[in-house]
């Protein structure tokens with residue numbers, strides 16, 4: 001090794017699954033590592049990259065880090081593929097069969113992205129579901145770190161998949177959805193079959209999506225280290241279970257709040273770092289400015305969820321009939337069928353004009369921190385859950401699939417900062433839950449949510465668990481330089 005290369009910083013390759021929640025979470029990790037003066041090559045799908053450049057400040061945000069570079073690659077799907085709803089799962093075989101070989105070719109042709117000003121890749125931080133990246137790392141002798149973008153509780157339940165199959169809890173059949181699951185250590189008293197990750201809802205244990213989940217989760221242990229976007233005070237008991245199998249585990253979350261904390265420490269002007277694939281309608285912030293404190297229910301089901309027209313109407317009637325103010329994000333592609341919002345009943349239109357506001361996409365982090373927001377009706381995606389926790393906003397959870405099922409159970413049963421509305425979608429239940437969160441038990445939920453928000457912010461402040469763990473991660477990466 002020449003003397004010039006000896007003085008170069010570590011060079012980390014970061015590779016997320018190309019869907020919004022995963023990309024967003026790993027972009028925050030990339031910026032945190034940039035702040036520690038590491039060089040970063042960020043593998044991003046061409047589709048994701050074009051959306052980020054079009055709809056976010058990502059170009060200006062990373063321009064201040066000369067050691068950062070994007071490296072676009074195909075995700076193997078056609079441009080008109082929705083990448084949402086049930087079809088979002090198409091991304092897994094596509095990345096394995098198309099992106100995987102392209103990635104290997106790219107790494108070889110670019111000599112692991114080494115140059116006169118950049119050392120070869122020091123380590124690969126890959127999304128935990130991209131085992132082909134792990135295969136390449138092992139083949140080339142490059143240290144591997146997996147980043148799991150889901151909650152610790154979801155990861156652990158998936159890790160216990162073989163035991164769940166052996167015990168007969170999977171596949172879930174008949175009317176046994178409320179039976180307590182005993183095969184996930186640390187959750188034996190409260191986890192029901194209906195709370196297991198959505199991929200467990202299959203008729204046959206040989207179903208491909210279940211087998212993919214099982215294989216991808218178990219292979220995580222081959223990595224030299226793992227990263228989770230959570231914090232010790234939130235999921236400590238579950239983290240203790242995971243560390244029995246993966247002792248070098250770095251919890252660095254909530255990453256969006258951690259990034260803000262680090263930027264403030266360095267006296268860098270902080271702008272909320274959106275990673276949205278959709279154009280944000282900021283008019284909703286002006287509307288919120290005119291509403292009383294803690295009076296508005298924010299409604300958003302994330303970047304993947306799709307609803308039927310019947311479900312749309314049940315939610316709409318429930319929100320209007322609750323008598324509460326609401327801000328509702330309705331993605332352009334979030335309604336099944338072509339008729340979508342056509343022929344909306346007049347009473348819904350009138351009720352929305354009186355107390356509601358609807359946009360195609362919102363600056364969510366900013367919205368959740370707005371003083372007018374008093375609750376969040378959410379799909380329980382992990383990024384949204386953490387953003388709500390940091391903002392001190394109680395939740396009503398209507399999970400759609402994947403890790404969202406178990407996240408919603410922890411929100412309601414363990415952390416007690418919200419209500420779980422999974423597997424139901426009728427207007428009477430929605431009215432009841434909205435009123436319970438926003439009126440009847442409002443003070444109780446706000447008090448608990450405020451306490452959890454303080455714990456989250458302490459974790460990412462200097463001396464906090466996540467702050468110290470990120471320092472430890474950086475030191476570990478530096479130790480990998482040969």
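Cβ from N, Cα, C; glycine included.
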- Name the residue, out of 149, 189, 215, that Swiss-Prot lists for the same UDP-alpha-D-glucose site as 362, 364, 379, 382, 383, 384, 387, 403, 404, please. 149
- All-chain count of other Cβ atoms within 10 Å of residue 402 (anthocyanidin binding site): 24
- Cα proximity to residue 364 (UDP-alpha-D-glucose binding site), best match among recorded positions 22, 127, 402: 22
- Message: Please give the maximum pairwise Cα distance, in Å and rounded to a whole number, for the UDP-alpha-D-glucose-binding set 149, 362, 364, 379, 382, 383, 384, 387, 403, 404.
- Response: 23
- Would you kindly give the Cα-Cα distance separating residue 149 (UDP-alpha-D-glucose binding site) and residue 22 (active site, proton acceptor), rounded to the nearest Å? 6
- Which one is it: of the binding-site residues 149, 384, 402, 403, whose Cα lies the shortest distance from the Cα of residue 127 (active site, charge relay)? 149
- Item | Sequence-distant neighbours of residue 149 (UDP-alpha-D-glucose binding site) in its chain (C-beta under 8 A, six or more apart) | 16, 17, 21, 22, 25, 26, 127, 128, 229, 382, 383
